[in-house]
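Asks: The structure is given below, and queries will be raised subsequently.
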Amino acid sequence: MEKSLIETDTHLSQYLSSLSNGDDRKFSLGGCSSYDTDSVASRSSGVFSGYDTLDTPPSYDFYSNTEIFGRAKKSRPSLFQLHSNPQDDPSPPPLYEESSVDKQSPDEDEPTEPPPEPARFGWAQGVMIRCMLNIWGVILYLRLPWITAQAGIGLTWIIILVSSSITGITGLSTSAIATNGKVKGGGTYFLISRSLGPELGGSIGLIFAFANAVAVALMQVGDMEKDVSMVDKLNDIRIIGVITVTCLLAISMAGMEWESKAQVLFFFVIMVSFASYIVGTIIPATPEKQAKGFFSYRADIFAENFVPGWRGLEGSFFGMFSIFFPSATGILAGANISGDLKDPNVAIPRGTMLAIFWTTISYLIISATIGSCVLRDASGYINDTVSSLSGECLGVGCNYGWNFTECMTNKTCPFGLSNYYQSMSLVSAFAPLISAGIFGATLSSALACLVSAPKVFQCLCKDKLYPGIGFFGKGYGKNNEPLRSYLLAYIIAICFILIAELNTIAPIISNFFLCSYALINFSCFHASITNSPGWRPTFRFYSKWLSLLGAVVSVIIMFLLTWWAALIAIGIVIFLLGYVLYKKPDVNWGSSMQASSYNMALSQCVGLNQVEDHIKNYRPQCLVLSGPPCMRPSLVDFISTFTKNHSLMICANVITGGPSPGSVDSAKISTHLKWLDKRRIKSFYHTVVADDLHVGVQMLLQSTGLGRMKPNVLVMGFKKNWRKACDHSIFFLSDAFDLQYGACVLRMKEGLDISRTMQAHGMEYFKTNFLKIFYSLSLDTRSSTTTTSPTIDTSRLQGKKTIDVYWLSDDGGLTLLLPYLLTRKKRWGRCKVRVFVGGEAQKVEDQKQELKALISRFRLGFQDVQVLPDINGKPQSEQYSFIHSIAVTTFCTYLIETMHQRFKHFSHMFVQSLRQIRLNEVIQDYSRDAALIIVTMPVGRRGACPSSLYMAWLEIVSRDLRPPVLLVRGNQENVLTMYCQ
């Protein structure tokens, strides 16, 4: 023993030494297969070096969807590969290693050089400058002084701060969403759709892209308010607008690098205009400027302009707020080019929040400075001095030797903050620089919108949520530029410029932007409130309640701006939302709506635990032994008819055999759920893997469901080959009865399992063409029946046929409840329900009236009740042959199994068999033309009724019947009540 330990220690030392010396030999431990220690898994971690294992250390490749040029992407081994025995696996999995960089003969088709890197922008150039330029606009130059005159410096500051608070909250929400995972191109649409799902994201993406395209036209109106005239006002807008937008298109299509350089140039121009303005406020005013109301900084002017001076119909706080608020928007300009940013997770939060901060400061400074320098009213006449006039002098201008009393009294003053929109040009040290600033602000905003619209629309096109737009999603060049979308946005902008009447469309476009802000805030709130483990934003400076406040306030502002435009915008969003909900696109982005649905479902299911079952709320919750649903479409369609939107339905499948990759793949539910969804069947699908069919059904009966949401009725099809499989069939029903389940067995003359029809082509054909067959079955076969797919045609109205119910034994009322549920559906609504019961010839009328009274108390609406006194008579002699052959075989088996202790029971069973024959004869006579026959199923005693005999009963009752036959047995507990409590 000691010697062996010494030898083992020696071998281990040699082994470790070989590893440290870089030996590249293969090692094998025990009976496992050997692996090359020079694999990536071995090189990446010394912990695993030399050991025969597929386990690998954590790697970025395992979590990334992208590949790095020059090496193959590693993949994580599956749990089955780790858990399985390599000796039992004839084809062991490949090693999880990268491709060697020392390839002797590289593939000619593979590129030898990495693709060119696209232009990427940082937080300053890509987000902050872009957002600041989009926030600054003509309102800053042409409307802010007028708003200051109307609301006063104090309320103007409040308007600015409230507006910035709303946009700031939206910026915080945007930052939180943008840092909750890797952000790709698509901007606002990408953020909302990946958070709230394709329904809201798609509708907002479409209107947001359209709004940006139209905003390009709206931005040109600012230039028209300068004192420039070529032809006339209307045609000036058209000429200048078309030329300007064409130039902007050329810049955009040249690439993001050129567009970014143009934005930097515009930013420099605006900064120079601000500097000119600030310098102008300090320079002493000339007499010409004083005559127009500018006196440089004066305390009494500041005091007078600090308080409101409302004028006109718009003279109110909300009126000024509705005019100013659009100038505070534009905070999404940086996020809209998220695909062109180096690190969107850093750039979007930092750039957006800094842009909001600096633009807010600039608005506050300009409103305070211009309110301290310029009077509200001035005549502009150099002779309107105090010395030249006699009489009373009104206004602060009197303190500086100017008398504007006449124009103030007549309200005809052409200058001053309240009358002259270009007051900033008056104050500026060099007025043309302010014109250049207006020009730069207009072009920069238009350029940002012209870039944002195609970028957002391109992502929407690639997601294929709407038909006919995929053509515009194609990208070109290293930056994947959406040139087709650029041309589309250009055409839209040109069309609205040529119309030139933008006052009507402008409020709707503003509300489109506000809808986007509202949904971004709601996205952040909703993702936070659902407590999804996937909501882990790295940006922590947000509050879900502030986000909710921002969403609510955004909606309120929509109605404050223009109520009718708000209604139109919301209506368009709802219409687009309804379309996507109807189409149900095949996308799964892990949205917060999914998390919310889970939370609500979980809460409701847990809440049901506190609610005791009541007869009035009883619903037949069906566990359907359908196998793959597409193999028994008739069974699935029929049960769905009375469970849809009413009760629980679970299609179940048992896969026999031990755990294996094949059985695990077969148990996947996605393809079967797609089939159910295509046929509009609202059902769950559940699969178990078991050693045999009986064990699998036992597992389903005991484990299917959740809390109160669990099945109470077992549904199966009638097996024509029950003589071979009778043990399983009887055991299914026996187990169901033992577990207090009701039971239903559906039999059709054509059969239910269409896999046999497919086997007529040969199993090899079926295996090789499974997907083709599966998707052909996915079509709505209810609208077109074929000879190879036996179905109950539930797509058409059943007309004035009958549903015949043979209520032969009281099972608690399930036999009556199912036809009632069927008649509530449109397809079966015109069918007349006839109820047949057994009785005595002497008491037919009494029993009929008694049963009608009972059914009327159940409020089922069944009026046709018939008593069959001859149901207990002897069957015709020609029907004996079948039951005789079954009886003899069953008797011999039964006698051997039980000896002679229970022989007397067999005589009773034979009598019961004769009764089933007579029942079949009665059904043949009365229900030959019925749409559906429902019969109370007999119950065989466990251990007393052989399985062959019981299946023979079911065979006899339902044989040779043209209509579908549903054998029903409740669990002997009431499912109908005549009481209201």
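Cβ atoms are placed via backbone N, Cα and C, with glycine included.
When I checked TrEMBL for this same protein, it listed these features:
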type	residues	note
DOMAIN	38-108	domain 'Amino acid permease N-terminal'
REGION	80-119	region 'Disordered'
TRANSMEM	121-142	transmembrane segment
DOMAIN	126-623	domain 'Amino acid permease/ SLC12A'
TRANSMEM	154-180	transmembrane segment
TRANSMEM	200-218	transmembrane segment
TRANSMEM	239-258	transmembrane segment
TRANSMEM	264-285	transmembrane segment
TRANSMEM	317-335	transmembrane segment
TRANSMEM	355-375	transmembrane segment
TRANSMEM	426-448	transmembrane segment
TRANSMEM	483-500	transmembrane segment
TRANSMEM	512-529	transmembrane segment
TRANSMEM	549-582	transmembrane segment
DOMAIN	632-763	domain 'SLC12A transporter C-terminal'
DOMAIN	795-980	domain 'SLC12A transporter C-terminal'
Asks: Considering only the recorded stretches 154-180, 355-375, 426-448, 483-500, 549-582, state which has the highest number of Cβ pairs under 8 Å to the transmembrane segment (264-285).
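Replies: Most contacts with the transmembrane segment (264-285): 426-448.
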Asks: Who are the chain neighbours of the transmembrane segment (317-335) in space, where the CB to CB distance is under 8 Å and they lie at least 6 residues beyond its ends?
Replies: 126-128, 130-131, 133-137, 139-140, 143-144, 147, 150-151, 155-156, 159-160, 162-164, 166-167, 170-171, 174, 178, 187-188, 191, 341, 344, 347-348, 351-352, 355-356, 359-360, 363, 445, 448, 452, 510, 513-514, 516-517, 520, 557, 560-561
Asks: Find the member of 355-375, 426-448, 483-500, 512-529 that has more C-beta pairs under 8 Å to the transmembrane segment (200-218) than any other listed stretch.
Replies: 483-500
Asks: Any residues 6+ beyond the ends of the transmembrane segment (483-500) with a Cβ under 8 Å from its own?
Replies: 209-210, 212-214, 216-218, 220, 234, 237-238, 241-242, 245-246, 249, 252-253, 450, 453-455, 457-458, 461, 471-474, 476
